[in-house]
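Copied from Swiss-Prot, the annotated features are:
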type: ACT_SITE; residues: D168; note: active site, proton acceptor
type: BINDING; residues: V46, A47, S48, G49, G50, F51, G52, T53, V54, K69; note: ATP binding site
type: DOMAIN; residues: 40-291; note: domain 'Protein kinase'
type: MOD_RES; residues: S4; note: phosphoserine
type: MOD_RES; residues: S190; note: phosphoserine
type: MOD_RES; residues: T205; note: phosphothreonine
Amino acid sequence: MLLSKFGSLAHICNPSNMEHLPVKILQPVKVDKEPFEKVYQVGSVVASGGFGTVYSDSRIADGQPVAVKHVAKERVTEWGTLNGVMVPLEIVLLKKVPTAFRGVINLLDWYERPDAFLIVMERPEPVKDLFDYITEKGPLDEDTARGFFRQVLEAVRHCYNCGVVHRDIKDENLLVDTRNGELKLIDFGSGALLKDTVYTDFDGTRVYSPPEWVRYHRYHGRSATVWSLGVLLYDMVYGDIPFEQDEEIVRVRLCFRRRISTECQQLIKWCLSLRPSDRPTLEQIFDHPWMCKCDLVKSEDCDLRLRTIDNDSSSTSSSNESL
């Protein structure tokens, strides 16, 4: 994760050349709400990269911690419509995912600037992303990995039910609550509306992308997600991702570097099947023998007995996909 040293939001208000953007976006948005500066106290930079810059802020009225993502309009590649206004698709996707579900980051508000959008989200504390969590603790034992992985599956299923596909499932986009082991899926900047037809665009993380994208630049959303879940599970139990180079991805060169259970190894191999149609559906992963074992997540401060998943509720039927 790239870090930056910006100390304020001053650069957010600077105008830039907007001639390449749709005319509708240039029109002022008339909304009946307080200006951003009167609602939120600006804090420090949390992270910065191609996605934009994320600030650690707080709400003035009650001191609630928030994260504010600054996205320059010139960097937005996918647009959507919200109440008749063109906005980054990321905002539309976050709006589509109801806030009642705890496993996905909650959108609180958004603002439009002449040259950028500000996306205001909840900022849970104390947390660290799963990448840092694994870096600090090393490979996870299978009970912990199972509990975490199940929560990721729940988040993905919830997104599917809302018509959203994340398209960038990875350890850096999962926040771990260090008090109770709860996970939250973040960063929908690479996401899309869920569809059954082929996608021909991808802005996620290369080493988590499926071989059909690397080879043919086309993929189906559900089967590509299952591939990334396989990479994630491998990362959890081995402490590192299985592939670094494109050749390793398209040849599915898996190296099991230490002893893990046969069931876990089999699930990883299934998710990382070369042919998309050979991969399991999300519900088949839930029903896999390795997933059905009793699990106990060990967090930094306490042991959390994860809730039992009702596999019969909120299920999404997925047909086999092939290119």
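From the backbone N, Cα and C atoms, a Cβ is placed for every residue, glycine too.
Feature map: annotations from Swiss-Prot on the structure.
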residue: V46; record: ATP binding site; DSSP (3 states): strand
residue: G52; record: ATP binding site; DSSP (3 states): strand
residue: D168; record: active site, proton acceptor; DSSP (3 states): coil
residue: S190; record: phosphoserine; DSSP (3 states): coil
residue: T205; record: phosphothreonine; DSSP (3 states): coil
S48, S190, T205 as recorded positions, winner by CB count within 10 A: S190
Packing count at V54 (ATP binding site) (other Cβ atoms within 10 Å of its Cβ): 23
In the chain carrying V46 (ATP binding site), residues 6 or more apart in sequence that have Cβ under 8 angstroms from it: V54, Y55, S56, A67
Residue pair S48 (ATP binding site), S190 (phosphoserine) - Cα distance, angstrom, rounded: 16
Packing count at G52 (ATP binding site) (other Cβ atoms within 10 Å of its Cβ): 21
Which of G50, D168, all recorded positions, has a Cβ with the fewest other Cβ atoms inside 10 Å: G50
Segment confidence, the domain 'Protein kinase' (40-291), expressed as mean pLDDT: 96
Cα-nearest neighbour of S190 (phosphoserine) within the listed recorded positions, G50, G52, D168, T205: D168
Close recorded positions near the residue listed as 'phosphothreonine', where close means Cα within 10 Å, chosen from G50, G52, D168: D168
Residue pair G50 (ATP binding site), the residue listed as 'active site, proton acceptor' - Cα distance, angstrom, rounded: 14
D168 (active site, proton acceptor) versus G52 (ATP binding site) - Cα distance in angstrom: 16
